[in-house]
Amino acid sequence: MWETIRFIIIALLIVLPIRLFIAQPFIVSGASMDPTFENGQYLIVDEISYRLSEPARGDVVIFKYPKNPKQYFIKRVIGLPGETVTTNAEGHIVIKNTEQGTELALEEPYISNPIKSGPFNRTLGADEYFMMGDNRTGSFDSRMWGPVKRDLVIGRALVRLYPFTTISLLPGEHTYK
């Protein structure tokens, strides 16, 4: 009996710090990230990386919904702090950085359908990120409720574990050129 109790205590001492500070599970809910992630897929979220560095454009992140921090969302980082996110005449995302004097029209091979909503223009603050789902016509994202503050970002999708046929490391990651 004492051996069982000792085993449970040791297991908790190992598992709890990992769960609380290093990684946590996340289940995709909804179709906003189709086709990259499907409803019901099981992910492991890396909580360490963003303690050492900032989210990058193209990262798939899990964050607390700004209007209800008890609710978690998964989206792709599109705009970074200080940038202006807008659309061009064809509906493509354009990133403007006035500080650097640059403009970038995003190539997004991962989206399943182009933007059907009207044009938008949003300038981000020093600690704000613009998040969008890959399923642009079926995503409730920063276009509707605004940017996400840095302190609401939990981590990035590290591993897709389920369904087993879709297991992958850093699923959905995309680096812009």
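Just so you know, the numbers here start at 1 and follow the chain as drawn.
Using N, Cα and C of the backbone, Cβ positions are placed for all residues, glycine too.
As written in TrEMBL, here are the features:
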| type | residues | note |
| --- | --- | --- |
| ACT_SITE | S32 | active site |
| ACT_SITE | K75 | active site |
| DOMAIN | 2-161 | domain 'Peptidase S26' |
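The two recorded residues, S32 (active site) and K75 (active site), have Cα atoms 8 Å apart.
Around K75 (active site), taking its Cβ as the centre, 23 other Cβ atoms fall within 10 Å, counting all chains. K75 (active site) falls within a strand segment according to DSSP. There are 23 other Cβ atoms within 10 Å of the Cβ belonging to S32 (active site).
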